[in-house]
Ligand SMILES: NC(=O)C1=CN([C@@H]2O[C@H](COP(=O)(O)OP(=O)(O)OC[C@H]3O[C@@H](n4cnc5c(N)ncnc54)[C@H](OP(=O)(O)O)[C@@H]3O)[C@@H](O)[C@H]2O)C=CC1
Ligand SMILES: O=C1O[C@H](COP(=O)(O)O)[C@@H](O)[C@H](O)[C@H]1O
């Protein structure tokens, strides 16, 4: 379908026009734990329009209990005080509508239900549809919305659609999904969400790089030895066996969250902070990545072990998981970005479940100084390189490690840290990443969302690895103990280059 341009709003204009947010999959985990708390946080910050409603859609008839259940999610999941005076007026705007996703009559009634709300609330036909459903329903729901005349924006208004991840399972399925969705929606109506882009600390990578004069001049192959990106989780698969069996760590986290973070770390400065400019630069990074030989990858699966002092079962013993499963719960790889800035600088990326701790971080390791004047005075006999750690979660912050003179009559050197903490500087935030993205989607600002070509490009990089892994069953699974830092083959990936993962 032809594309038109929605322009991103400036900060001063960040309250969206009156609208209804319609969440498909409203009785699901994501809606309760993340989406309703995020919408409520927007309300608390006066970032929702006065004329507004949230309509949850799922198949069971939950009209009698839905609002109370969501309120419970906001209080528990959103850390909101039950006595908060904004809660009641917000909950009054939360409605429920029951239909099967494949029921045409249900969609026709939904359309009338929404039109009726428009009449009562003054929401003017503006819609944000959120598809918080299993991926097999994405295209179906979008097509049914179009069939029942719900995808055309009112004059001067908007109809936008957020689509959850996973956006496809490989290149072919991503292309198919894109063409199905693009056949009923304009590209600028489609908001492919990656909640990592809603995280303050991920957005701050761009501010850190391009909002300061200090760092960008050294952000290249002349000064940087290598970059590591880690998305480590201590949790297991949390009862999501059937989903995880078909996904694995590469599809679940590496292809999307980690590749998005990588693009922010590696991209050239965009000529503005508008969607098209930012997306163009991200795409250039992914396109410049060399095909990844399978020898530059490592995969693992956790066996039983101890996490946070608790004994935990192995992946193959989890509920609804094949006892001989070959699904990876850990994936790592070495990437090379063949462009002027990054040629020769390896990017090592990894993601895994049941690792030693929950930490997401970008670690930038700088080259050694050209001359080691203080080599013989270093505390451990070697000068440590400067390391910059962009800690995305938890303990959000930035740490720079450098050598300092140990006080005393001799010139001894020891690595020390300079640290910036978000919590100390700005107070603790209860934002979960979805606030910003929901707001942007209501405003029509796609800067922090994935677009068609980007999704297909990252899948094009990852699909050959998935195919190679599928062709060779790993004989050594499970190959790491829960509560450790993953399989030995991932350490070997760096050891071959004379490096090791930075301790986190
Ligand atoms: N949960 C999370 O933290 C995250 C989830 N996601 C993605 O978000 C999406 C939703 O996840 P999640 O909330 O966990 O999923 P759930 O399985 O918890 O919820 C699925 C929802 O879809 C509804 N549903 C399923 N089939 C039908 C149908 N045929 N007709 C009508 N309603 C139907 C269910 O309704 P009913 O209860 O009536 O059956 C339920 O509301 C997925 O794509 C997932 O990958 C992404 C990142 C994180
Ligand atoms: O999308 C997903 O992300 C979560 C990790 O998100 P975080 O915000 O807690 O870091 C992951 O647990 C889940 O498996 C995956 O589907």
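Placement of Cβ uses the backbone N, Cα and C atoms for every residue, glycine included.
Note that TrEMBL annotation is computational and uncurated.
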Same substrate site per TrEMBL - residue from 95, 109, 111, 353 joining 195, 199, 233, 252: 353
Site co-member for NADP(+) according to TrEMBL, given 25, 26, 27, 28, 29, 30, 31, 32, 100, 101, 165, out of 59, 127, 209: 59
Nearest recorded site to residue 353 (substrate binding site) by CA-CA distance, among binding-site residues 27, 29, 31: 29
Binding-site residues close to ligand 2 - of 101, 199, 353, only those whose C-beta is under 6 Å away: none
Cα distance (Å, whole number) from residue 195 (substrate binding site) to residue 59 (NADP(+) binding site): 25
Shortest C-alpha distance to residue 252 (substrate binding site) - which of the binding-site residues 25, 27, 29, 31, 101: 29
In sequence order, those recorded positions of 199, 252, 257, 353 whose CB lies under 6 Å from ligand 1: none
Site with most surrounding Cβ atoms, counting all protein chains shown within 10 Å, from the binding-site residues 29, 233: 233
